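For reference, the structure is listed below as structure tokens.
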Amino acid sequence: MCDSGSAPMIAPSILSADFANLGAEAEAVAGSGTNRADWLHVDVMDAHFVPNLTLGLPVVESLLKATDIPLDCHLMIEDPGRWAPPYAEAGAYNVTFHAEATDDPVAVARDVRAAGAKAGLSIKPGTPLEPYLQILRDFDTLLIMSVEPGFGGQQFIPEVLAKARAIRKFIDSEDLRLLVEIDGGINADTIEQAAEAGIDCFVAGSAVYGAADPGAAVGALRAQAAAARASAG
Ligand SMILES: O=C(CO)[C@@H](O)[C@H](O)COP(=O)(O)O
Ligand SMILES: [Fe+2]
């Protein structure tokens, strides 16, 4: 699924949306053309793996009825082996869990895929990529965290771009079908460096839902990423 040849993907994070109006907030980025979000990023936090609590399966099930934008569920939870497959069974498009949360990421990915979703592996900013390189064939997406998971509105950590560059090289040399996503602090000031580093899909919470027109913000971020990617060659 190496998508570096196609348009940059934008996945607004509903963590920065109005939780009392999630259906309407999804619609705000469901417009047409370049203003339409590719995925809706749903941050599931359990107050154990991260020090914050957000939402879970019942809210995801309701969102699935409220929007036709594919849901990109980012599970910041303990025990993904138990809790990740139900998100796939419910109809999430992509179910991403953290490498740090399980001893057997391949088994979890297999169960997620068997339940009908794409499987994503996420790594925190301080987690090295190398131990996971040989299992990436078992995944559809790799989500590189560019903030410490747990909260929206944090500052982008530029040091993670080295991981983005390394994985882009690895994907090309191994001919992997893996989509690379970045999450945390992505906005008009940071998206270009991430695009130049080879990212396919950009999660943006506050930069989209903090904007007066979230749909226009999606379009503007995508255009910026496309231009940066083109000038990087
Ligand atoms: O997973 C997370 C935070 O843990 C993210 O998805 C944030 O929700 C992104 O928000 P911004 O940094 O873009 O405001
Ligand atoms: Fe996220």
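Note: Cβ is positioned from N, Cα and C throughout, glycine not excepted.
So that you can see what the record holds, here are the features copied from TrEMBL:
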{"type": "BINDING", "residues": "S13, H74, G150, F151, G152, G153, D183, G184, G185, G205, S206", "note": "substrate binding site"}
{"type": "BINDING", "residues": "H41, D43, H74, D183", "note": "divalent metal cation binding site"}
{"type": "ACT_SITE", "residues": "D43", "note": "active site, proton acceptor"}
{"type": "ACT_SITE", "residues": "D183", "note": "active site, proton donor"}
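Features per TrEMBL, on structure.
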{"residue": "S13", "record": "substrate binding site", "CB count, 10 Å": "24"}
{"residue": "H41", "record": "divalent metal cation binding site", "CB count, 10 Å": "28"}
{"residue": "D43", "record": "divalent metal cation binding site", "CB count, 10 Å": "24"}
{"residue": "H74", "record": "divalent metal cation binding site", "CB count, 10 Å": "26"}
{"residue": "G150", "record": "substrate binding site", "CB count, 10 Å": "19"}
{"residue": "G152", "record": "substrate binding site", "CB count, 10 Å": "22"}
{"residue": "D183", "record": "substrate binding site", "CB count, 10 Å": "25"}
{"residue": "G185", "record": "substrate binding site", "CB count, 10 Å": "25"}
{"residue": "S206", "record": "substrate binding site", "CB count, 10 Å": "16"}
Filtered binding-site residues, from D43, G150, G152, G185, whose Cβ is under 6 Å from an atom of ligand 2: D43
Assigned conformation of S206 (substrate binding site) - DSSP reduced to three states: helix
Local backbone state of G185 (substrate binding site), from DSSP in three classes: coil
Nearest of the binding-site residues (H41, D43, H74) to G150 (substrate binding site), judged by Cα-Cα distance: D43
Residue among binding-site residues H41, D43, H74 with Cα closest to the Cα of G152 (substrate binding site): D43
Environment of H41, D43, H74, D183, the listed divalent metal cation site - residues of the same chain whose CB lies within 8 A of the CB centroid: A11, S13, L15, V42, D72, C73, T96, L143, V203, G205
